[in-house]
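Trainee: There's a structure below that I have some questions on.
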């Protein structure tokens, strides 16, 4: 009986959040270990389906770096990187687009639909969703000057046309977006999935942006999790070394989304089963929230 009461209390704890977020959009970046582990894939799918059933509109943006690396290796294509960004020539871009849109996207869509959802896969090329220009990577030279390096078909988003997403949401579907955009000449561009999630969230004026990662969240210099960060405090946390390395672009993506009209951004450990539900529907939450 005690366990049953605990379950009832959990449902009651979720009630005000269900009421608050019903009818709202939540953009979720899906990547990392959560895409590789079978139990986590199932819990992700069930979380997303539950959101839709209770009136919340989830929009998914997925990554696919490990799958791209594996396929490039199979084709004998060796990648170069500039400041962590893959140099993407035409041959590499062909593989990237094939893997993201033809393999990973369909797997994510299939898993959600297999468990009772109604997901639809698309890329940034569909409906003119993500318009891009070539991203020139800035590299600091030995003399201290900054050089802009052409890294191929890597895109910087210039415009988001969310019409197709709004249409899918209204029809009861869950959009699943592969991070491939289109240039003015119709050429394909590989885009950082975190960047796509942030830009899409801003375009939709989403209630929340959630980034699923392979870390618990942002930690202070003693290694303790920071459960909440104010937008105004982010520059100082970067300057003093609290936010470092690969966490900087993720936090920057969140801050850009907040300044674009998103209400809250969250960096959450995707290795935790039902991480999405725990963040949205519990008083304590998990991970780090960034507040505008």
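Yeah, the Cβs are placed from backbone N, Cα and C, and that goes for glycine too.
It should be emphasised that the depicted structure is a prediction, and the values quoted were computed from it without experimental measurement.
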Trainee: According to Swiss-Prot, 64, 65, 190 bind substrate; which one of 20, 86 is annotated to that same site?
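Mentor: Given 64, 65, 190 bind substrate in Swiss-Prot, the matching entry from 20, 86 is 86.
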Trainee: Around the recorded substrate site, report the further residues of that chain (criterion: Cβ within 8 Å of the mean position of the Cβ atoms of 64, 65, 86, 190; site residues excluded), sequence-ordered.
Mentor: 63, 68, 69, 96, 100, 179
Trainee: Rank the recorded positions 29, 86, 250 by the number of other Cβ atoms within 10 Å of each Cβ and report the first-ranked residue.
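Mentor: Going through 29, 86, 250 one by one, the largest Cβ count within 10 Å is at 29.
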Trainee: Can you check what DSSP calls residue 64 (substrate binding site), collapsed to helix, strand or coil?
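Mentor: The three-state answer is coil.
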Trainee: Name the secondary structure element type, per DSSP in three states, that contains residue 29 (site 'Transition state stabilizer').
Mentor: strand
